[in-house]
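Enquirer: Take a look at this one; I'll ask things after.
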Amino acid sequence: MSIKAEEISSLIKQQLEHYDDKLDINEVGVVTYVGDGIARAHGLNNALAGELLKFDNGSYGIAQNLDSSDVGIIILGQFDNIREGDRVQRTGRIMSVPVGDALIGRVVNPLGQPVDGLGEIKSDKTRPIEEKAPGVMDRQSVNQPLQTGIKAIDALVPIGRGQRELIIGDRKTGKTSLAIDTILNQKNQDVICIYVAIGQKESTVRTQVETLKRFGAMDYTIVVEAGPSEPAPMLYIAPYAGTAMGEEFMYNGKDVLIVFDDLSKQAVAYRELSLLLRRPPGREAYPGDVFYLHSRLLERSAKLSDKLGGGSLTALPIIQTEAGDISAYIPTNVISITDGQIFLQSDLFFAGTRPAIDAGNSVSRVGGNAQIKAMKKVAGTLRTDLAAYRELESFAQFGSDLDQATQAKLNRGQRTVEVLKQPLHDPIPVEKQVLILYALTHGYLDSIPVEDISRFQNELFDNFDSSHADLLKTIRETGKLPDDKKLSAAIEEFSESFAPSEK
């Protein structure tokens, strides 16, 4: 077969046209040490902080320490099959996780891989776990309430969409229950929820997932789980992975609620990694940048401006205290980053006041702007009344000769405490919360025995559902109190027919 000269020249021209003079250079290093979830590698001179690195066996790691002689790497997942002398190469990108609707209703690990046995997650979109927080001009003020369904929170420490509200307290004071109940209350509220379990026992997470399924909440919830048996890097990246999943919905104009349960365990995992990487320890052996660990995470929660779609990401970080000490390092850090805190007290919890919210130490710095007008009106004096009651209660123990005004305050205080109690997994719609608080603040409960308050509330709700649904509808749809005379007459009519329990 003969080839003509002009064919050769046209082939050469064709090759020259498509010639790419770019060289494909991969920077490769060698592992010099591996153990306890970290590795050191020599030869990655141009690696960037936070860059994703790939090991020979297919495992991934994140460049954490950039020293002159080597790079400190935190290994994602199991590190048993990585050996000294293995090769590790740069990827030129930071770690990403799958995002989108395909994750809703699933339980995943911090890498976005399913752990619920329900098969593969088909998602073609990913987002980097580290993202710059929205700037000042990209945000708008919090102006829409996020109803938790918990009377003590919606009345005393209201939360708005786009807020960061810390839940803080000792172990076994109901922190997780508060967060789970808030997720349950988002049913039919068009809010996507993400529950990030960091270092929680597998059995505990299983129980929470079963609860969410039982109440139909998994239809709008993603669970990200990093168990205590996982290597420390997985616990460290879990909140960032959860936030990346939430940001995808936020930037598409949706409202998202994310719960971090809990950030104390993430801080401990980060301390472990930092000490293994030989970073200098600071207060309580935490590294110097532990504040930045949480601030860069929580600053990503925001209410976006209308120009960016008006979506929101509301964060409920949880912090565990030791013996009620909220002045420890991590609690004070997170208190200063968030827009308020809900403080749960073990004394109240064991005394039967549940949720055990300490009204004196709990505050919401921006949620008040988002509260509906009806709730603002009925709950206005509730906090001061409760604080006055707690003060009087301690004095009343010393003597029985109390004047009428003091006795009236004590009676009202006892009923306030009773009204704010609420059973587990029983969120109450905001219109019914307004109703019972209206009855309380207008004195309709003053003559009801304390032990009958709970029954009075339930029967009042049933009565209004059947006979005065229009009044509840007005509160729900307008956010304002209905006509004072009508509401008072309806409550009065029910109060007269209510029969207290016989002693």
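Backbone N, Cα and C atoms are what each Cβ position is placed from, and that goes for glycine too.
Got these off Swiss-Prot a minute ago, pasting:
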BINDING   GLY169, ASP170, ARG171, LYS172, THR173, GLY174, LYS175, THR176  ATP binding site
SITE      SER362  site 'Required for activity'
Enquirer: Counting Cβ neighbours within 10 Å across all chains shown, tell me which of the binding-site residues ARG171, LYS175 comes out on top.
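Expert: Comparing the binding-site residues ARG171, LYS175, the most crowded Cβ belongs to LYS175.
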Enquirer: Which residues in the same chain, at least 6 apart in sequence, have a Cβ under 8 Å from the Cβ of GLY174 (ATP binding site)?
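Expert: Expected: LEU344, PHE349, ARG354, PRO355, ALA356.
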Enquirer: What other residues of the same chain, not counting GLY169, ASP170, ARG171, LYS172, THR173, GLY174, LYS175, THR176, have a CB atom within 8 A of the CB centroid of the ATP site?
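Expert: Other same-chain residues with Cβ inside the cutoff are GLN320, LEU344, SER346, PHE349.
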Enquirer: Can you check which residue among the recorded positions THR173, THR176, SER362 has the largest number of Cβ atoms within 10 Å of its own?
Expert: THR173
Enquirer: If you skip the near sequence neighbours and keep only those at least six away, which residues in the chain come within under 8 angstroms of ASP170 (ATP binding site), Cβ to Cβ?
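Expert: Counting only residues 6 or more apart in sequence, the Cβ neighbours of ASP170 (ATP binding site) under 8 Å are GLN320, THR321, GLU322, ALA323, GLY324, LEU344, SER346.
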Enquirer: Far apart in sequence but close in space: which same-chain residues, 6 or more away, have a Cβ under 8 Å from LYS172 (ATP binding site)?
Expert: SER346, PHE349
Enquirer: 10 Å Cβ neighbour count around GLY169 (ATP binding site)?
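Expert: By my count, 29.
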Enquirer: For THR176 (ATP binding site), name the DSSP secondary structure in the helix/strand/coil scheme.
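Expert: Where THR176 (ATP binding site) sits, the three-state DSSP reduction gives helix.
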Enquirer: Give the distance between the Cα atoms of LYS175 (ATP binding site) and SER362 (site 'Required for activity'), rounded to the nearest whole Å.
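Expert: For LYS175 (ATP binding site) versus SER362 (site 'Required for activity'), the Cα atoms are 13 Å apart.
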